[in-house]
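According to TrEMBL, the active site, proton donor annotation covers Glu491. Residues annotated as substrate binding site in TrEMBL: Trp360, Asp361, Lys603, Gln604. Look at TrEMBL and you will find 14-268 tagged as domain 'Glycoside hydrolase family 65 N-terminal'. According to TrEMBL, the feature domain 'Glycoside hydrolase family 65 central catalytic' maps to 325-691. Residues annotated as domain 'Glycoside hydrolase family 65 C-terminal' in TrEMBL: 700-760.
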Amino acid sequence: MNQDYIIPNNWSIIEEGFDAERVKSSESLFSIGNGAMGQRANFEENYSAETFQGSYIAGIYYPDKTKVGWWKNGYPEYFAKVLNAPNWIGIEIEINGENFDLNACPEVQNFKRELNMKEGWYHRSFVATLQNGTEIEVNVRRFLSLDSDELGVINYEITPLNKDAKIVYKPYIDAGVKNEDANWEEKFWEPLDVKHSENDAFVVARTFKTHFNVATYMSNSIFSNDKNLNLSPVNVDDSAEKVQFLYEVQVAKGEKSSIQKFGGYTVSLNHENSELIAGAQKVIASAKAKGYKTLLQEQIEAWAKIWEMSDITIDGDVKAQQGIRFNIFQLNQTYLGKDSRLNIGPKGFTGEKYGGSTYWDTEAYCIPFYMATKDQQVARNLLTYRYNQLDKAIENAGKLGFTNGAALYPMVTMNGEECHNEWEITFEEIHRNGAIAFAIFNYFRFTGDYSYIPEKGLEVLIAIARFWHQRATYSTNKDQFVILGVTGPNEYENNVNNNFYTNYLAKWCIDYALEQIEKVAKEYASDYSRIIAKVNLDKAEMAQWKKVADKMYFPFSEEHDVYLQQDGFLDKELVKVNDLDKSQRPINQKWSWDRILRSPYIKQADVLQGFYFFEDHFSREQLEKHFDFYEPFTVHESSLSPCVHSIQAAGLGRMEQAYTFYLRTSRLDLDDYNKEVEEGCHITSMAGTWMSIVEGFGGMRVKNDTLHFEPRIPEQWEGYSFKINFRNQILQVSVASNETKFSLEGTKELTVYVNGNAVLVEPNTLVTV
Ligand code: BGC
C-alpha cells in the first residue's frame, strides 16, 4: 500500500501532521462539492510548493482542440474538458509584513485536516511560526452549501500566539486560471466584466467557444473575537480578470481575528447573461441575512437528510465504515440528481483527468446507487440525459459510416458528441452502447416504472439495436455473426475479435429491443405508431436484426469449459498475476503499452462484467469456473474492477476474498491503491462500492418485481445495515452474523425473500429472520 496517513474514523477523513509530499493527494481526498460546483482542497492562502489547483462547475466545459500524433478519420475535433473554474477561495495573508505561506514557515505544528462527512464541511487547523517569528494559530472551515448551491462559505480564523500582529487580509477572485491538461496551453476563459462595491466583487468571464457565462463573486467581512468589525477594504486592486481587496487589522496577542468569505458562481445555464451579477447579489444578500452560523446549521441539516436515506453502517470495522461513508459522501457531493443536464464524471469535482463528464460508468455502475437511495426520478433523469443525446449518438455513428438511425453513444461526452480520441477506444470500445440499453432494463426491473420505455427508452433501444446489427459481420467460415476489431472493458488488449462481453451484450440488446417493440406495440399502441413512424422501422429490418442475434458467435474453450475473453486469449502466455514480480505492478506504470497488450493481464472485469449484468443467464457453477479462470489474470488497475469481483466472490461464498476486494474498492482512494489519487478521486467506482455491500454482502436482487436477499457478513464485521427505496417504500436491512432484521417505513406491507423464503414485512414493525 502506498499511503496510510488517513486516520480511521467513523464519520471523518482526518490527516494529522504537515507533509508537503502529501499535499496533492490530500487536495483530492478532502475535496468538497454540492452537485453544482466543487473544488479540490487547495489552501486559501498562498502556497509556494507543489499543488494542483482545481475548482469546477457542473456542466461548464470547454472543447479543447484534439491533439493526436496522426489524425484518423472519425476522430472528434475536440475533447470536452471540465474546466478549472475561476478561483473564489483565495485569501492572501500578511502577518507583520510577511506573506504567509506554509511552505516558507520554519515550523508548522498540530497540522490537521478534517473532512466531516456527517455535517458536510472541511476544516484545517495548525500552529505556524513565520520567518519573522510570529506564531499564529489558524482554523479554517469551508463548505459548499447544499441548500443554496451557488454559495460557498469560508471562515478563516487567525490568533497570534506570541505577539501582537498586524494582519492584512487580501481576499480575491480570479478568472485568470488554467487547466493543467490544456492541449495547446490556451486560456479557456475570456474575462468580460469586473465590478465591485464595498465588500463585494464580481468577475464575469465567458468560456471561449462554448460561451458559458459565469459570474464569480465574493463578499467579505472581518471579525474580531466573533464581532463583525464592519470594515471596508483600504485598497482594491482590479484588473480585467481579477479583483483583490485589502483589509488591515491590528490584532493583540491571544485575540482571534477572522475573515468570512462568501463566494461562488452564478452561471448562464441557470440565469440570463444579463442577470448573473444580480443573481450573485441575491445569493450574497440571503447568505448575509442568515449569517455563518445559520448557514452551517442548515448545511448540517441538509447532509443529515441525505444520510438518513443513504447511510450504510458497519459495526466493528472502522476502516470499512470510513471507506463506505467516504464513497457515499463523494457520490452525493458530485451528483444529486436535480438536473437532467448533468451527469457523474469519473473524477467528479476532484480533478481534471477524464475530461468530459459521462462514461458508461454512469449506466453500468452509478444508476443502481441513485435508484436505491434517492427518489426514482433521479435515475430517470440519468436515462433522460442519454435520450436527449440520441440525435448526437446517431450523428456520431454516422461519422463512422453507420446508417439508418444506428446510434453509437460516445465513450465520453459532455453534450452528446464524442470527446475521446484514441482509435482503439473511440472506435472500438463499443460495448459502452450496450450498457446504455442495460440501464433501461435495470431501471424498469428495479423501479417497475415502465412508462419510460414507451415515452423515451424504446427509441434508444432501437437505435442501439441498429448499431449492433450493422456492426456485426457475417462469417461464411463460421456461418455465424462475429464482431471484429473491438476493445472490451479490459482496455489492456485492443483490436481483438469476438470479445465475449461485447458479443453477448450485442445479442442481448437486439433481443431486448425486439421484445420491447412487441410489448409497446401491444400495450401502448399510440406510442408505438409515433415511434415506428419516427424511426421508420419495419418487420423486414427486425428480421435482419434477429438473424444476427440468433446466430451470434461466442468464443468458447472446451478445454477450460469457459467462454473466452476474445478469440486469441489462449494464445497468450498465461502467467498468473501472483507469479508476477510485485515490482512490475501496476503494469500500466511499469510496462510499455506493447508489452501490456501482449500480456494476459486484465485491467477490470470483462467476461465477468457480462456475468455480473446477466447473472441469471448462467449457473453458479459457470460463474465459479469463469471467476476462477479470469480473476487470477486480473490486475484490477481500473477502479471499476474490485467491486464487481467483490460482489461475485460474496455470491460464491468466498467471504475473505470478497472482504479484501471490498476494502480495495472502498478505500481505493483513501489508501491510494493505484498510486494516482493526487489526480483526483475515482467517483464513479464509488457507486460500485455501494453495490458490493448491498448486492455483494446483502445479496440483494430484484426478481419478478420482488426484492430478494442472501445476507452474508464478513467475519471482521459485527453487523451492517443499509436502506433501500424500493418503489417508494423505504426498507431498512440490518445484517448480523446470525440474523437479518427488516423494518419498513410508511403504511403498506412488503414481501421480501430471504434465501428464497418469503418474509412479510409490516410497516413500522421489526422483522427478524
Ligand atoms: C476504465 C473505463 C472507464 C474509465 C472512466 C478507465 O480506466 O477502463 O472502463 O470507463 O476509466 O472511469
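Heads up, the Cβ atoms here are built off N, Cα and C, so glycines get one too.
TrEMBL annotations: computationally assigned, not manually curated.
Those same-chain residues not listed among Trp360, Asp361, Lys603, Gln604 yet with C-beta within 8 angstroms of the centroid of the substrate site C-beta atoms are Tyr359, Ala364, Pro489, Glu491, Gln609, Ser638, Leu640, Ser641. Sorting the recorded positions Asp361, Glu491 by the number of other Cβ atoms within 10 Å puts Asp361 first. In this view, Trp360 (substrate binding site) is surrounded by 23 other Cβ atoms within 10 Å of its Cβ, with every protein chain counted. Of all the Cβ atoms in the protein chains shown, 22 others lie within 10 Å of the Cβ of Lys603 (substrate binding site). Within 10 Å of Glu491 (active site, proton donor), as judged by C-alpha distances, the binding-site residues found are Lys603, Gln604; the full candidate list was Trp360, Asp361, Lys603, Gln604. Around the Cβ of Gln604 (substrate binding site), a 10 Å sphere holds 24 further Cβ atoms from the protein chains shown.
For the domain 'Glycoside hydrolase family 65 C-terminal' (700-760), the DSSP counts in helix, strand and coil order read 0 helix, 37 strand, 24 coil. Largest Cα-Cα distance over the residues recorded as binding substrate, namely Trp360, Asp361, Lys603, Gln604, equals 16 Å. Reduced to three states, the DSSP call for Glu491 (active site, proton donor) is coil.
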